[in-house]
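Copied over from Swiss-Prot, here are the features:
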type	residues	note
ACT_SITE	S1252	active site, nucleophile
ACT_SITE	D1370	active site, proton acceptor
BINDING	661-782	nucleoside 3',5'-cyclic phosphate 1 binding site
BINDING	778-918	nucleoside 3',5'-cyclic phosphate 2 binding site
DOMAIN	1219-1383	domain 'PNPLA'
REGION	443-468	region 'Disordered'
REGION	485-523	region 'Disordered'
REGION	535-556	region 'Disordered'
REGION	828-852	region 'Disordered'
REGION	1125-1145	region 'Disordered'
MOTIF	1223-1228	motif 'GXGXXG'
TOPO_DOM	1-73	topological domain 'Lumenal'
TOPO_DOM	95-1522	topological domain 'Cytoplasmic'
TRANSMEM	74-94	transmembrane segment
Amino acid sequence: MVDGTYVNSSVEAISGEADTAAVAELANQMVMNFLYESSSWLAQSTGPFLWKGFRFLFLRLPSSLLVYLINGTVPFYLVVLGSVFTPIIVYLILRSRVLSAYSRLKGDNEDEVIDKKKQLVNDSEAMLMGGPDGKRRSGFSSYLDEFLSAIKIFGYLDKLVFHELTKSMRTQRLEQGEVMLLDDSVGFAIVVEGGLHIYHKIAHSQGSTRESMPLPEDRSFDSNEDDLTINGERFQLLNKVKAGNPVSSLVSILKLFTDNHTPTVVDSSKSSPKQSAQVPIRQLISPFLDGNVERNKATLNMKQVPTAEYEIPSAERAGSNVSSFTQQLYESMLPKDHAAEDVREPLPEIVAYAASDCAIAVIPASSFKRLMVKYPRSASQIIQVILTKLYRVTFQTAHSYLGLTKEIMHTEVVLNNSTNFELPYYLQEAILRKIKNGSKESSVQESIHRATLRSKNVHAHNSPTPNKISRHIALESRDQYNPGDLLSNVPLSRKGSKTASSSSVSIPRISSLRHQKEAASSPLATLRRLEGNDSQNFAPLSSSSPMSVSEKPSVVGGGAHDNISQISFSSALEETEESSWRMALVESMFGYLGITNESIMPPTEDLLFLNNRASSGSSVCSVSSYSHPQTINQDLFRCLSPELVRTKKKAPRQKYTEEMPINVDFNTAKEEFAEGLETLFIPSGATIVEQNGNNKGLYYIVSGELLVCWKNEEDNIEYVLYTVKPGGIAGYLASLIGFKSFVSLRAKTDLYVGFLPIEVLERLCDKYFMIYLKIAETLTKLLSPKILKLDYALEWIHLEASETLFNQNDPANAIYVVLNGRLRQLHQKSKNEERLSRPTTQRKKRKDDNQPNVQVVGEYSQGCSFGEVEVLTAMNRVSTVVAVRDTELARIPRTLFEVLALEHPSIMIRVSRLVAHKILQRSSDIREPTKIVNSANGYRYDFNLTIPPSAGTSSWGNNSDGGSISYKTITILPITYGLPVEEFANKLVSTFRQVGRSTIGLTQCTTLKHLGRHAFDKLANLKQSGYFAELEELYELVVYIADTPVKSSWTSTCISQGDCILLLADASSDPEIGEFERLLINNRTTARTELLLLHPERYVEPGLTHKWLRKRTWVHQHHHMQFVSSQNPSERVDSKAPPIPGAPPNLIGRLKKRERLNQLTKRTQENFARLLPDSIKLTVENISMKYIQKKQKYYTPVSAHKNDFLRLARILSGQAIGLVLGGGGARGISHLGILKAIEEHGIPIDMIGGTSIGSFVGGLYAKDYDLVPTYGRVKKFAGRIGSIWRMLSDLTWPVTSYTTGHEFNRGIWKAFGDIRIEDFWIQYYCNSTNITESMQEIHTFGYAWRYVRASMSLAGILPPITDNGNMLLDGGYLDNLPVLEMKARGCKTIFAVDVGSVDDRTPMDYGDSLNGFWIVLNRWNPFSKHPNVPSMAEIQMRLGYVASVNALEKAKTTQGVVYFRPPIEDYATLDFAKFEEIYQVGTAYGATFLHELEQNGKLPRIPGNEPANGPGIHLLHRRNSI
């Protein structure tokens, strides 16, 4: 305790003092005294215990131990051994624990290696087996499945539309040997069980000779004969239809809608028995014939005289039966009296023969007529789908593959020759004046004046006299009238004509039919009226059936109306000159399209009722005249139409209501078409449309001539098919059913044309949907017989993802052309191959169990054809072809190909050239000699000794024909929410355009904008699939951007449409499986999947990539990319946290925290600055600046050519640039100089590969993608290896090698550290020689130092490195410059640097025996003329490099390789001490070599270095405001 008197005295002293300093000093003294007395008290209490403990530990215990040891006796040899082995033991402990830290970085476990390759095996085998469960798809299981598969050709069908179409469907079984007559009366037939053989009638000119038939050896390929004889008429096999495919062709489906559109009704009361017998034989013969065909047909061998009512339908059926087309056109132009002749109706051109018992399902033709009336828009959509498939399957295959463009364009030739809608001279002059003298001001004034006149016409409609301001054009001098002429339809003031064709009948309006229906009191009254004597009401209906365009019908009118202008056009008396010729142009185009007032209106229920009457009458006639137990026309049930039944209470039915256009009127349609019409002047020689280019619209020639040209791709010669003269049209097929032109349109003279843009045509045809019916009707009548035959035999094949097209070893019975989608070609090992590769040891057996039994050969994309080789050589399929995604194909049967080859020998020549080109392109190595002689040095090389590149995943995404990457669609999919998908995708799309690929990016918004009003209805899928197929033809690459939630249908669409799927991930987030990835796995897609890891800076933490890839065995490749969203560049992307509105407070808190940390760091540096030396202080400052006070948070590359987006775009588009660095020991230091020259010339590098020292330098450059750190690490490594003392300390007993390899391992590990190859910024690989399994190993994953060390393990100097039981040595023994592996990975341009030793080709001649003493004397004799004989070690080295020498020569001659060879022959393999000298040699050579290439124009084109082609996608961002 402190004495109280002392305290009192101190207080008194303080109170007496007033000085502040004295008070402070006194307080300090008090505190010191207090501490002293407290410490003395503690010392007195604890001092004895502390002293006793100290004496025991430091005095008694050591003294007792020393006394014991000193007293003990130790032999001298133990002291010597201890002094010798103690430092050794300490060194070994330090070496194993400290200096050998690299040894803890073991290679990947064998299980991990197996799992890495397991997904590729599962993908391939699952696709081969037809499903991920390993079970092969065994086809369909029921009739219903077969039927549903066949009606996919109709596209999407609504439920009620489907029921309406199929409620009259019947099934029929055919026994073996029965024949089915395929004409329009059958309907839509589908094979649901068994198979049918389609036969085509042989022309009489060909029937007399056997030259038109296939050779006997060709027909022996099949078990059945290829010809058939019925009633003395020969038929030739055209196709074999299997279960699930339709028997009807695309044209025959269109005819089901178009033929007998307004049916003929015969009055039964007035029809005589003679007239009732005048029914064509086609309606009396059953569609099915048994073996007694001739006997049954003989009973019907009678002369039939068809009446006028059946003339037009029979003519239409004749066209559908592929008869003589030109004869059909001319007969249709003849009067009815001449067309009616006593002829015996022959069998149809197409018949179906049941090779075995089979079953078919038939939808009768009446169902299509009923569908046309009840659901006209749905029927129109079906017609659009069929027209599109007709264009894509038949026309496009005939044009691009078979070269039958002339036959396709024959349609337009017939159309222009059969009709003529030439404008009058004065209207032509008006159009020419408008084009020549027209201006914008006059156009505006004219439009204003016309609008004023139209407004006045409304008031002047009832006035007796016309307005004086209006202009009148009198048309008086006309010799003849044609459809589309101004006298018939153009509303001008003109004089009516009383002359008309005798065959013309005025057609009543639909309103009159409706009025008749309303006037009927009951359905019975309607029935009586139909059966009554007053049949004149229906005479117009019988004459209003669709007629051929070539018939040139006269003007609709008659003597009942003297002035047609006062009756038909009373609402438009006032018009201008421009509106007149516009209307005339539109009517002329309508005439070619077959559009009339009746055809533009949807059918009504009256026509349906009449159709039912006509069909029922014909069916009764058919049954009564000829009955057959297998006739499908027999009605099993007799039903009445619901319209004929009247009940007191009728339950309301749910009807499928279709959207019908408002104010559908013929005049309104003409006005809307006229508004979109344009007039153009085209100078002579100008090309309007290029061949295979996008069509722009429909052209009507007003004045001048237009050439239709076709260029043969084989001889590159352009042919003129025909000339379009004034009054004709051009672009008919491309405008109406397609969007690409098969021919070129070129102006022969100065052209004045009326132009209807395709956008206007599509918009108005969608509004007036019944136009498609007339288009289909006109088209089916104009097609040539050859195209019709081709259409019947070609098949449209639709495959879903992972569905097998054909299997390996199946008979080759067809050639396939890919319309859209993607397929993968797989090859399964045979039993002999499996027996040869069977393992012998237990370890190898476990490893081989997971080796792929299926190999990916390649892939087929849009436009590719395959199967020609097997068909021409009559061999089985050599591989299996499976669909990667939804795919459409055109199938050309072998029988059709043989028929076409006989009729058109040019097709056989064309296909043979195509096959030869594919074979040469696929196996380019075969055409090169295996043994060559270099013309430069005269040395011989054998390429048979080279090692082929590893299979791996190089074939995934590569085209099977050309070997290059051919992705048509790419999907960008995030792994989780919160990633900037759209911003990243837009930048990638812009980059694709920069590298020369026409690319379009699709988001949900852009797709919905295209779908328009169909965005959310059930037609969206149909419209969407057609839209995607069209985009794949218009653009080289389509990018699908999954910018919607995971449950959105757009996300699933993006996954199903991608040839390659890019998974977007934030590298700094948690590497767990995201919700989008789960959706990807559930969809079980087999498309190539690549992972994109986004980093804010160009640095990858060691082992980070392995964490991402370990759980994702479905990822085939990965890429590291530097990307920071521009929306918030100062923060990383947080994938888990959703966007929070209150972000600014968090930002302010982080800024305050960072400021406090900066102040603390600054004070710490100031406190230690006085105590630390300058070296340590500099180190601390560097660390502080690097990790704490980083001025620039994100690293931005200085060189623009190192853009990561450009690198990704080049890789995905097959334009990657590779760098291959060869081995050569210390000579490889020159690689640094080459890299410096490459960077200075702005050449980017996308992939790096190397061998030996090339793998070391290339790995360091791929790790950082920067030359500065690479230079420093290589120089440090060269210093360690060049140290003599380090090498001497690493020597060992030379049993396997002279050194232990420890110093070498440590030097490599010092350079790479713990990083893995997956963590490299650039894709990288190195090779090594596996002396255990005698093969080349390609290393693309694992710890970098191990496999770089394996690639640098020179035999004798370093021991082989072990990897999963295999001993690996230097890769230079097999391939010192692995260029072929780089080429197999899809690189187009490869820079190869060779620094190996020169191959010694000195000729030797020392006799048949050799004395070793003479060899020694010869080496020391300076006057000897004999070269030095190699030693045993040199011979062994040459033997080891035999394969490498030949591989090097092959790499030099590989296409796309730029070969570097620095002058480093004067330097040895171990001259690492000459680092700077060798580096300068490489720098000088690289700069000079690249400069010479650039000057001579031999430097390859670098995609991405040029400015972008076309405008990029500009994003709208929010401004950076607080």
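Heads up, the Cβ atoms here are built off N, Cα and C, so glycines get one too.
Model confidence over the topological domain 'Cytoplasmic' (95-1522) is summarised by a mean pLDDT of 71. The recorded positions shown are T778, A814, D886, H904, D1370; of these, the one with its CA atom nearest the CA of S741 (nucleoside 3',5'-cyclic phosphate 1 binding site) is T778.
Spatial neighbours are here defined as Cα atoms within 10 angstroms of one another, and by that definition the neighbours of D1370 (active site, proton acceptor) among the recorded positions G693, K725, A814, H904, S1252 are S1252. Counting Cβ atoms from all protein chains shown, S741 (nucleoside 3',5'-cyclic phosphate 1 binding site) has 22 others lying within 10 Å of its own Cβ.
Neighbour count (other Cβ atoms within 10 Å of the Cβ, all protein chains): 16 for C709 (nucleoside 3',5'-cyclic phosphate 1 binding site). Separation of the C-alpha atoms of E868 (nucleoside 3',5'-cyclic phosphate 2 binding site) and P757 (nucleoside 3',5'-cyclic phosphate 1 binding site): 40 Å, rounded to the nearest whole number.
Sequence-distant contacts of the residue listed as 'active site, nucleophile', defined by Cβ-Cβ distance under 8 angstroms and a gap of at least six in the same chain, are G1222, G1223, G1224, G1225, G1228, S1351, M1352, L1354, D1370, G1371, G1372, N1376. Counting every protein chain shown, 15 other Cβ atoms lie within 10 Å of the Cβ of K725 (nucleoside 3',5'-cyclic phosphate 1 binding site).
When the motif 'GXGXXG' (1223-1228) is classified with DSSP, helix, strand and coil residues number 4 helix, 0 strand, 2 coil.
Among the binding-site residues listed here, namely T778, W796, D886, H904, H904 has its C-alpha nearest to that of C709 (nucleoside 3',5'-cyclic phosphate 1 binding site). Of all the binding-site residues in the list L677, G693, K725, L773, the shortest Cα-Cα distance to H904 (nucleoside 3',5'-cyclic phosphate 2 binding site) is found for G693. Of all Cβ atoms in the shown protein chains, 25 besides its own fall within 10 Å of the Cβ of L773 (nucleoside 3',5'-cyclic phosphate 1 binding site).
Of the recorded residues, A814 (nucleoside 3',5'-cyclic phosphate 2 binding site) and G693 (nucleoside 3',5'-cyclic phosphate 1 binding site) place their C-alpha atoms 29 Å from one another. Sequence-distant contacts (6 or more apart, same chain, Cβ under 8 Å) of L677 (nucleoside 3',5'-cyclic phosphate 1 binding site) comprise R582, L585, V586, G754, F755, L756, V760.
Taking the C-alpha positions, the distance from P757 (nucleoside 3',5'-cyclic phosphate 1 binding site) to W796 (nucleoside 3',5'-cyclic phosphate 2 binding site) comes to 30 Å. Other C-beta atoms found within 10 angstroms of the C-beta of W796 (nucleoside 3',5'-cyclic phosphate 2 binding site) number 20, with every protein chain shown included. Rounded to the nearest whole angstrom, the C-alpha distance between W796 (nucleoside 3',5'-cyclic phosphate 2 binding site) and L773 (nucleoside 3',5'-cyclic phosphate 1 binding site) is 22. Nearest in space to D886 (nucleoside 3',5'-cyclic phosphate 2 binding site), taking C-alpha to C-alpha distance over the binding-site residues G693, K725, L773, is G693. Separation of the C-alpha atoms of K725 (nucleoside 3',5'-cyclic phosphate 1 binding site) and T778 (nucleoside 3',5'-cyclic phosphate 2 binding site): 21 Å, rounded to the nearest whole number.
DSSP assigns S741 (nucleoside 3',5'-cyclic phosphate 1 binding site) to coil in the three-state reduction, placing it in neither a helix nor a strand. Classification of C709 (nucleoside 3',5'-cyclic phosphate 1 binding site) by DSSP places it within a strand. Residue density at E868 (nucleoside 3',5'-cyclic phosphate 2 binding site): 21 other Cβ atoms are found within 10 A of its Cβ, drawing on all protein chains shown.
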